[in-house]
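J.: Right, I'll just put the structure down here and ask away after.
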Amino acid sequence: MLRNATKGAARRAVTELSQYPKPGEKLHGFTLLRSKHVPELELTALHLQHDKTGAEHLHIARDDSNNVFSIGFKTNPPDDTGVPHILEHTTLCGSQKYPIRDPFFKMLPRTLSNFMNAFTASDHTFYPFATTNAQDFKNLMSVYLDATLHPLLKETDFTQEGWRIGPENPQALVAAEGNAKPEDRKLVFKGVVYNEMKGQMSDAAYLFWIRFQDHIFPDIHNSGGDPQKITDLTYQQLKKFHADHYHPSNAKVFTYGDMPLADHLKEIGAQLDVFEKIRADVAHHSPIDLSSGPREVKLYGPIDPLVDANKQFKTSVSWVLGETNNVVESFSLALISALLMDGYGSPLYKGLIESGLGTDWSPNTGYDSSGKLGIFSIGLSGVQEEDVPKVKAKVQEILRSMRDKGFERSKIDGYLHQLELGLKHKTANFGMSLLHRLKPKWFVGVDPFDSLAWNDTIAAFETELAKGGYLEGLIDKYLINDNTLSFTMAPSPTFSQELAQEEETRLSTKISEVVKAAGSEEEARAALEARELKLLAEQSKTNTEDLGCLPSVHVKDIPRQKDSVILRHDNTARVKTQWHEAPTNGLTYFRAINQLENLPDELRSLIPLFTDSIMRLGTKDMTMEQLEDLIKLKTGGVSVGYHSASHPTDFTRATEGLMFSGMALDRHVPTMFDLLRKLVVETDFDSPQAAQQIRQLLQASADGVVNDIASSGHAYARRAAESGLTWDSFLKEQVSGLSQVKLVTSLASRPESDPLEDVIAKLKQIQQFALAGNLRTAITCDSGSVSDNAKALLNFVNSLPSEAVTFPSRGPPNFTRDIKTFYPLPYQVYYGALALPTASYTASVNAPLQILSQLLTHKHLHHEIREKGGAYGGGSYARPLDGIFGFYSYRDPNPVNTLKIMRNAGQWAVDKEWTDRDLEDAKISVFQGVDAPKAVNEEGMAQFLYGITDEMKQKRREELLDVTKDQVREVAQEYVVKALNNGSERVVFLGEKRDWVDKSWAVKEMDINGST
């Protein structure tokens, strides 16, 4: 009782208004403007202003130990050079108080933060972090404030992070001592942001979205930067942009959590007080004026080699709506968007996608309330050229119909129920989610207090709804007119070649300018090479400079013993059940795994399609629209997916199966179970519409898959490389890797006349065993709900098929792969991975292997692959449960050099004289993940999903804390150097096939042939 009472008092103390200044009162140079308690979110909001500069500060006091900080600036881009984006990078490269190279990245292993990053949005830039440690919070806040307000902004940092012209392989120039090969001396564009944005522009979905933004917001330029314009940015322009925009008068500061506001204000106020007030950049750019009637724009984009060439148009129709500071209307328009488009039963899905006009929504589809005026867009991808005009006509027809018919109250209630559950669900990153929700609107003048007022907004909405015709009136007001922008992107088979040719021409022009300034071609080349070598020398200082100025937490701050999650196991419902009793705010969380033995490969690979299909087809008795309505009204969502895991004591063994999950209010748990059963057992694969609906699912998955790979190409490369090493990795790659991509695109390419009988027969096979057999379950709920949940679980289990489906036993799995594999894909940059087998989770060597991965990433690979090589990212990783150690690179312009760095990294680690500080940094870095806060429904899941007991975790915790330098060198020698010498590695790269991909590589074309 005493502990609970104390906890309640602590919560009241954090959010109790009486402990804070009253409006008009001052604290550490700030004046409190207003404050408000928001009971539905269990928080108190305080809005302050810095007296001297006018900087705004929003503090959210809440009983949450995962505290958040962010400082942001209004950064309207003046052009398409990406100056806000490049400035975001260069501010983090050194500051007055921390005058070392890259303090941001060097802080990563010196903090226990669970989130650290920086983001460039269309009209603002912000720098957030989250941590549970008070000293860590102070350390990071000091680094962030100094980086943004007092950056060094050295020219070498601008050329490294922004753009430059230099020899393709400067390391070879150094090694060759003046006798470098012509290909190494070839002059190319370089720069981290330049290569990042080249990678972005390879993504057709991003290209469509950014070009749409260019036309709907002609006054807002591309803040990320267009590679064709980035090379126009000068160092002087960068410095001026910082002076004009990164000023407290133009800043918004956000703090969240249970740490004292006074402590934050004391530190922040001291940093801001050195500035004088200036005129802030508060301009809120409006979208295009469409009041004079329709406008049409047609542009060209890349062609997708894995999708039907006749179905690659993307098109959308957009309206400009009212001001987003009307939060009730903005909420209502977001609800209209959901009612029109969410789910397979929604009117726009049925009228546009189910009818065959397109395969999926366009990237800009939906209601965008991030600007001063809202934008409502409806569009499709996967459209045939002759159908492009039909899309707009069909959209307008459906909107008129919904204006006249109206929306069923049950569908509105389902949406509101999802919001209720969202408020009740206790996430581990609530503060960061709140920041992302409030921030964009705050920067365009929407009052954050209005955005926080959930109950007030819902009450006002209900009042309007009760009057009748409210939502229909909004459709009539904003969407039943032709004041539209129709935006279309057509596929061009020459787009990529034209892009490459443009870059060559631009490079020649820029080199000519350098030649003119230098006096001769020889002197120009010498100057560019000298600058590159100077940058290389500057970058080489990174591993030798004194980091004593940087603050840090210490390993001694990490508790040696971790509190266990109390779990209970029983078989009362005829299945093995793990119970976790915890405060869940009246919610019950459910998971189940049906373990499958000897599952044939051809069935496993179709499980993703099966899980999509049961959420699409409906049953004999209920349409999918009816099922979706029930899911929204009675649950927080139900899902089915594939699950596999290595055995913690033997990584060569693996189990696999289907996983089921759901969340509901306690009173709706029986309905949640019944919905899961209906979806899995009763889905009607024999309905006349089944083949067409499955084909549409395949086409939606295939549409834009090249873009999906581009956004996380290193993850696909890793999965492909790892699949040749362990059984579990092979299984995962089959359902979520390039093998799955190949299968989906091949099935999607089958002719419309194909009834997909072979596919449907296999999906029905999966249905027979999906919920039959070796089921085990896990439930997280309040103690008072256990009895009712146990009864509901028993009824659920009794309703399931009783006989398990068995498959013939198989021989030992064969998952051997070529040592080096290359996948040709149409990207301007590369993604790569090198993976090696190691040891099982419980093996003592796994702790030093994980420390080694951090040491290599932070002390070597980031420096070599990103800073010197120009890739957007690169590093090392250890997967202890899977028994894998590996390397990766992301948006990489220099794959040959990167692969060389990866292969030499093990020997580098063996030869390196590691310091105690190095080891300390690596351990701290590992524990960021080990001790990251977890949502209540994630507690105990390591044991349920992977068989990792608290004893195993505690043993590993102690081993991580006790790792020595000798152990690091030993595992580097044994599991990296020796393994590479033995040819144990698997290497995979994705990208454009060039001369360096010689006969030593197995080239795997992503061809499609329509087979399963």
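Here the Cβ of each residue, glycine as well, is placed from N, Cα and C on the backbone.
Got these off Swiss-Prot a minute ago, pasting:
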type: ACT_SITE; residues: Glu88; note: active site, proton acceptor
type: ACT_SITE; residues: Glu161; note: active site
type: BINDING; residues: His85, His89, Glu196; note: Zn(2+) binding site
type: TRANSIT; residues: 1-13; note: transit peptide
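Can you walk me through where each of these features ends up in the structure?
T.: In sequence order, Ala118, Phe119, Thr120, Thr125, Tyr127 are the residues of the chain that are 6 or more apart from Glu88 (active site, proton acceptor) and have a CB within less than 8 Å of its CB.
The Cβ of Glu161 (active site) has 27 other Cβ atoms within 10 Å, all protein chains considered.
Under the three-state DSSP scheme, Glu196 (Zn(2+) binding site) falls in the helix class. With a 10 A radius on its CB, Glu196 (Zn(2+) binding site) counts 25 other CB atoms from all the protein chains.
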J.: Of His85, His89, the binding-site residues given in the record, which has the fewest other CB atoms within 10 A of its CB?
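T.: It is His89 that, of the binding-site residues His85, His89, has the fewest other Cβ atoms within 10 Å.
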J.: Using the Cβ centroid of His85, His89, Glu196 as the reference point for the Zn(2+) site, which residues of the same chain not in that list have Cβ within 8 Å?
T.: Gly82, Ile86, Glu88, Thr120, Glu161, Gly162, Val192, Val193, Met197, Gly224, Gly225
J.: Round to a whole number and give the Cα-to-Cα distance in Å for the pair Glu196 (Zn(2+) binding site) and Glu161 (active site).
T.: 10
J.: Pop the Cα-Cα gap between His89 (Zn(2+) binding site) and Glu161 (active site) into the table, whole Å please.
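T.: Between the Cα atoms of Glu161 (active site) and His89 (Zn(2+) binding site), the distance comes to 6 Å.
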